[in-house]
Each structure stands twice: as C-alpha cells, then as structure tokens.
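The structure under discussion appears below in the form of structure tokens.
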C-alpha cells in the first residue's frame, strides 16, 4: 500500500485523477494539494466508498505536510492550453511552477517516485531532473514524464482508422506504441508492420500520424476555450500511476512508454547512440521496464525494427525535441534564457 500526493489536485486534470486514485486498492493514503480548493476536492473524493484515506492541503504553507512520507508524487499543476496555444506557450508559467514543486519534493520526500504531467513535458521533465541534480537528490530511475495519453490516443485512433465494427481497441493495443516526446511532431506512433501497411493501403497513414501528434488540438478546439484534454489525460495519468504502483508492490508489469532521462538508466546510453544520427538527446519517450517502482531499463529494440517511414518520423522529431530539452535545461542553469 502506498502514500500518493497529487500536486495541482483542484485543476481540470487533478480532480478526475484524484477520483481515480481514490478507487485504486494500492493507495492507502491520498494527499491532495493545490493553491486553492484542494480541501473541497478532498472532502468530495473522501466520500467514495474505498478504504483509502484522503486529506486536502492548501497553499505553500501546507505543501510540506502534503508531501511528507509520499511514495509517489504526481504533478498535473499548471495552466491548461487554450485555442491557438501550443504546449510550449505554457512554458513561461508552468516552468516555474514545476521547479518550485520539485524543489519541495526534494526537501520533503526525496525518495518518492515523481510523475510529471504538467506541460510542456519535453521541457518540464528536464527542469525536474536538473533541479534535483542541483539539489543532490536525483534518482533518474524515479522521474517520469507521463506520455501515456499519446499511447491511449494512438490505440483509439487506430481503431477509428481501421473501423470499430471490425476491430476492438483492446485487440489493437499490442500493435502500437508511441516514442519521442509529448508535443506535436515529437510524438511518433509506431505501428506493427501489418497495421502500418493496411493504413498505407487505405491512404490513411499520414492522417493517422497527424491525428496522434495533434490530437490535443481537437479537444482544445471542441471545448472552445473552456479547457484542454483533462479527462482523457487524467485517465492516462492514472493508468501509468497504477502501473507504477503495481510494480512498487512487487508485480511484474509490461513495459510502458515514458519520457525519461537516458543517461541515468540502463539502456539509456545505447538508445541515445542509436538515435544520435540526427540530433543527440538526453531525454526521450521510450518503452520503460519497471521493477519495484523504478525504471529498471529502457527498451532499445524498437530502433532496429523501425520501418523507413517511422525512422523518418523519429529523425524529424529529434531537432524539435532537442530544442525543447535545451529550453528546460537552460531554465535551471542559465536564468537569462528565461527572458
């Protein structure tokens, strides 16, 4: 049983994510933190009939208490996207939020596993890692950028493209994964050969890739300024959190893509070398094998299996991804770069 803290629990992602975590039998204590309204969310969620204990914490003065003893910290805090905004447009606000929260994690629960949902993940994860490095608290095996929504979309959109009358999403799930980053063209869906060729035969491959890469825009546009993909992101975040908690409890779980710091992980250097033909990167979303709640290894096998079309997508993603990573690193180490 684990203690879980959600930072940003009163937001559009934080509320449904907190509800889902309350239903998880692996969570014994759930601490919900935000600048405002977290006690109200905690009161509401606490009425759900599971054994998990829930507490709400409000404002910086209570942040330390919210974090103390946490095994897992999930950070969905920050502002959401609005029409016309990219994830990078969020950087100016969310970068500082993530840095301050990660600093508190380093002080109050440095051994906790840390899941970063706050966008732009391609930059906020480097901010988290570099902040922990400066504080002497980095365990790269315990810092994850949550890219699960890209996988969820890739699976769902594949069923849409192939026809839901003939294909169940669950049956297609093992035929697709997603690597790269968590924004636009840095998101690279990888299909098994049969599904790749079938989409190409139907003339749907390019539109499928584009929809996976820019699926978030569909939601932002449909909500007409009222928010971004909060519900699907909450479900995706819960999926990864639950997988990690199952691993922490000693269960063997299947590898899952996450945006991680490659130099700190077994297999990371091998993957970085395999990708370096276009642009060297220290962070990349790839299938990660979990053990005891930690990232035990990064999968590198997918690189050798890339079809030419998929290798081209990876090569196109790397320069943009590298720029976003540098932006996050510079935020921590070169304050002038923030201007």
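Each residue, glycine too, has its Cβ placed from N, Cα and C.
As recorded in TrEMBL:
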type     : residues                                             : note
ACT_SITE : 182                                                  : active site, proton acceptor
BINDING  : 8, 9, 10, 11, 12, 13, 14, 34, 94, 117, 118, 119, 233 : NAD(+) binding site
BINDING  : 81, 87, 119, 153                                     : substrate binding site
DOMAIN   : 3-145                                                : domain 'Lactate/malate dehydrogenase N-terminal'
DOMAIN   : 147-331                                              : domain 'Lactate/malate dehydrogenase C-terminal'
Pairwise CA distance, residue 8 (NAD(+) binding site) versus residue 153 (substrate binding site), rounded so that it is a whole Å: 24
Where residue 10 (NAD(+) binding site) falls in three-state DSSP terms: coil
Cα distance (Å, whole number) from residue 81 (substrate binding site) to residue 12 (NAD(+) binding site): 11
Fewest-neighbour residue among binding-site residues, criterion Cβ within 10 Å, set 8, 12, 14: 12
In the chain carrying residue 153 (substrate binding site), residues 6 or more apart in sequence that have Cβ under 8 angstroms from it: 211, 212, 215, 232
Local backbone state of residue 81 (substrate binding site), from DSSP in three classes: coil
Length of the line joining the Cα atoms of residue 233 (NAD(+) binding site) and residue 119 (substrate binding site), in Å: 11
Structural state census, the domain 'Lactate/malate dehydrogenase N-terminal' (3-145) (DSSP three-state): 65 helix, 30 strand, 48 coil
Listed binding-site residues 10, 14, 81, 118, 119, filtered to Cα within 10 Å of residue 182 (active site, proton acceptor): 119
Pairwise CA distance, residue 10 (NAD(+) binding site) versus residue 81 (substrate binding site), rounded so that it is a whole Å: 16
Distance from residue 118 (NAD(+) binding site) back to residue 81 (substrate binding site), taken between C-alpha atoms, in Å: 11
Sparsest Cβ surroundings (other CB atoms within 10 Å) among the binding-site residues 94, 118, 119: 94
